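Enquirer: TrEMBL lists 41-289 with the feature domain 'G-protein coupled receptors family 1 profile'. Taken from TrEMBL, the feature transmembrane segment covers 22-47, 59-78, 98-119, 140-167, 204-225, 237-259, 271-291.
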Amino acid sequence: MVPGNQSAVTMFILQRFTDDPWLQLALFFLFFTLFVAALVGNVLIIMTIHCSPDLHTPMYFFLVNLALLDVASTSTVLPKVLQSLVAENTISFGGCLTQMFVFSWLLGSELLLFSAMAYDRYLAICRPLHYGTLMSGRVCVSLAAFVWSMGALNSLMLTCLALPLSFCGPNLITHFFCEIPSVLLLSCSPTFINDVMTIITDMFLTGLNFLLTMTSYSFIITSILRINSAEGKQRAFSTCSSHLVVVTLYYSTVLYTYVRPALGSAGILDKAVAVLYTTVTPSLNPLIYTLRNKEFKASFKKLLFFPK
């Protein structure tokens with residue numbers, strides 16, 4: 001237990017998806033497959049970009065950061081999920097707070113990173129002559145540092161607000177991992193400030209960043225439509241459509257989850273939505289971002305068949 005916290009609860013129980021042994025086994029293999037796919041896919045992205053000088057550009061720099069975030073987020077959530085499907089489904093008070101902090105950090109950082117990626121694509125398509133100056137290596141590193149640090153600051157604030165709360169029972173978290181909205185529901189203390197701050201930070205990270213991303217893409221689409229060459233339009237759309245698909249899925253599910261604290265839990269629906277941004281999206285990101293990317297596929301083939 002965290003020093004200074006007067007909670008009577010020292011252990012939380014994570015609610016399983018089901019008590020049916022056969023369905024538990026099926027879910028274990030499903031989540032294990034998605035976990036391996038997320039790890040292998042994102043690690044391959046990092047290795048390919050690192051070993052390919054042709055891919056040392058701002059777009060791929062941000063893609064490496066996204067892959068790192070996906071690896072870290074799935075590694076934070078899924079191992080405990082897999083354990084709960086075959087063995088005990090408990091987590092210590094400190095472990096729950098740690099998982100809550102790390103996942104919130106990664107989640108907030110990923111939302112900010114999507115805006116940075118949209119800004120990069122805006123400069124590349126709408127201001128190509130100034131792209132090298134406006135998106136230099138120093139600017140890229142500064143943006144990445146801002147993304148990671150702001151995500152950590154947001155998570156630290158929300159986690160610290162949870163420390164003074166008392167948890168005197170029940171200790172069953174109606175979720176498959178420790179996430180801020182589901183943990184707040186168990187507090188015996190008033191959580192009004194926590195709920196308000198959670199909604200405010202989510203509206204800032206999710207709502208504002210989604211607005212910035214959509215604004216960037218409105219300029220991008222306008223510029224693409226002005227391109228005379230059909231091939232040029234197709235190439236521009238191919239580099240942006242994948243990002244737009246991921247952003248729309250990710251923002252909508254996160255916004256739903258973090259605006260709900262004051263409304264209670266929707267049970268299985270909350271879990272299904274959470275599965276999308278904790279498991280499915282990190283597993284699909286490698287495919288979505290590379291399947292239509294000729295440069296990446298060429299570099300990957302060179303790395304796979306003609307390693308130096």
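The backbone N, Cα and C atoms fix where each Cβ goes, glycine too.
Small disclaimer: the values here were computed from a predicted structure and weren't measured.
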Enquirer: I need to check the long-range neighbours of the transmembrane segment (22-47): which residues 6 or more away from its ends have a CB within less than 8 Å of a CB in the stretch?
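Expert: Long-range Cβ neighbours of the transmembrane segment (22-47): 16, 63-64, 67-68, 70-71, 74-75, 78-79, 81-82, 85-86, 279-280, 282-283, 285-287, 289-290, 296, 300, 303.
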Enquirer: Sort out for me which stretch, of 59-78, 140-167, 204-225, 271-291, has the most Cβ pairs below 8 angstroms to the transmembrane segment (98-119).
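Expert: Stretch with maximum Cβ contacts: 140-167.
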Enquirer: With Cβ-Cβ distances below 8 Å as the criterion, list the same-chain residues six or more beyond the ends of the transmembrane segment (140-167) that contact it, or say none.
Expert: 2, 4-9, 58, 61-62, 65, 93, 97, 100-102, 104-113, 116, 119, 180, 183-184, 186-189, 191, 193-194, 197-198, 201, 205
